[in-house]
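Note sheet for the following structure.
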Amino acid sequence: MTKPAFADLLNVEDARRAAKRRLPHGLFEYIDRGSEDELSISGNRQQLDAIRLAPSVLVDVSQRSAKAEILGHSQPLPLVIAPTAMAGLVWRDGEIALAKAAARAGIPFCVSTQSITSVERIAAESGAKLWFQLYVWKNRQRTLALIDRAWAAGVETLVLTVDTAVGPNREYNLRNGFGIPLKASVRAGIDLMLHPRWTASVMLRSLIASGVPTYAHYPDEFRTRLGRSSLSDELSLATDVTWEDVRLLRQRWKGKLILKGILRVDDALTALSHGVDAIVVSNHGARNLDCAPGPTEVLPAIVAAIGGRMEILADSGVRRGADIARFLALGASGVLIGRATLYGVAIGGADGAGRVLDLLSYELNVTMGMLGARNLADLRRC
Ligand SMILES: Cc1cc2nc3c(=O)[nH]c(=O)nc-3n(C[C@H](O)[C@H](O)[C@H](O)COP(=O)(O)O)c2cc1C
């Protein structure tokens, strides 16, 4: 048997440590950390750890399957790679690498509005089933043009992120001088020199091929210096997004529509009444509102209130297969993975992200066996 790529990585924390060594400090902190006092990050972890699943013993678990049905599609794992802005900075063409890893695992990859690579290129080069995550720009016409682009690229599932009503307060990014547009500074220069593998393989190659990396979904006019100043306000994230936008998107988007970042029963019910196909119960990986509840705290009440009338996905804090089992036991039908696969892609592109997915899949399989769960539905009894 050939050894898998990255055989020395045995869990997500191993991948995280390796990513920390490889990435410049400012970039690693951008993907790894939370917001303000980071109470929500530790809260997510503590709440997941507090969920204990009681095994059924003496069950024949020789045939186990983690096969899932998400939005009408059958897939081998109950996972989706979450949208993560600027994933193309952690690895050259990082979004394509993540999408390839998703395609190999047979799961969807969700492209972020704030991707460094365009949805068209990811679609053409990855072979993955793509979802598209939307942040609403101030200029609604340009926002609609963006989702038309995603549809034309073959995307059928639109994910409107609703938990980022304003820009989050992340002090470490300010201290590190990290943001788009990337800016030169003495500090950033030293950071780059200390991480020569990343600097050569990602930054220098990008600079040579296409200049300073920026968001690929900005309209072409934005790429000129003049266009940039006149358009920049139109493309900032709208702070007046309401249910009226959901109503308009529901009318316009012919495919499945998901709202990501729901943490309240009343909002879940309002989503249902707007004809939304699914919600993601999420606190954005603890990156936005530091006093938000963890998704596992609110998931059972939301599942009970919805009563099977709309699909419910969840995310935030998955680092082990057992965390996936915990979310499913509470009633989610699928789980999004954010940082775990980012750590993987940071150290080895599609193979690194694939290794992380394999580890999560293996751990889920062991957890299911231990719990006496032959399939995902059995987890609901634990
Ligand atoms: C670096 C990074 C960038 C992210 N960018 C986005 C984004 O552009 N849109 C979005 O809806 N969520 C974004 N998220 C949140 C993820 O989609 C997901 O909800 C979260 O990462 C899940 O938590 P986990 O990282 O603990 O798995 C981002 C997360 C990270 C770590």
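Using the three backbone atoms N, Cα and C, a Cβ is placed for every residue, glycine included.
Keep in mind that TrEMBL annotations are predicted by a computer and have not been checked by a curator.
On a predicted model such as this, the values are computed, not experimentally measured, just so you know.
For the domain 'FMN hydroxy acid dehydrogenase' (4-382), the model's average pLDDT works out to 95. Annotated domain 'FMN hydroxy acid dehydrogenase' per TrEMBL: 4-382, in sequence order.
Residues or ranges marked as glyoxylate binding site in TrEMBL: Tyr30, Tyr135, Arg170, Lys260, His284, Arg287. A coil conformation is recorded for Arg287 (glyoxylate binding site) in the three-state DSSP classification, outside any helix or strand. Proximity of Arg287 (glyoxylate binding site) to non-local residues of its own chain (separation of 6 or more, Cβ distance below 8 Å) is seen for Arg33, Gly34, Ser35, Pro168, Arg170, given in sequence order.
Under the three-state DSSP scheme, Val318 (FMN binding site) falls in the coil class. Cβ-based neighbour count (10 Å, all protein chains) for Val318 (FMN binding site) stands at 26. Residues annotated as FMN binding site in TrEMBL: Pro83, Thr84, Ala85, Ser112, Gln133, Thr161, Ser282, Asp315, Ser316, Gly317, Val318, Arg319, Gly338, Arg339.
All protein chains considered, the CB of His284 (glyoxylate binding site) has 24 other CB atoms within 10 Å. As annotated by TrEMBL, active site, proton acceptor applies to His284.
Fewest Cβ neighbours within 10 Å among the binding-site residues Pro83, Gly338: that distinction goes to Gly338. The shortest Cα-Cα distance from Gln133 (FMN binding site) to any of the binding-site residues (Tyr30, Lys260, His284) is found for Lys260. Calculated from their C-alpha atoms, the gap between Ser282 (FMN binding site) and Tyr30 (glyoxylate binding site) amounts to 19 Å. DSSP assigns Gly338 (FMN binding site) to coil in the three-state reduction, placing it in neither a helix nor a strand. In this structure, the CA atom of Ala85 (FMN binding site) is 10 Å away from the CA atom of Tyr30 (glyoxylate binding site).
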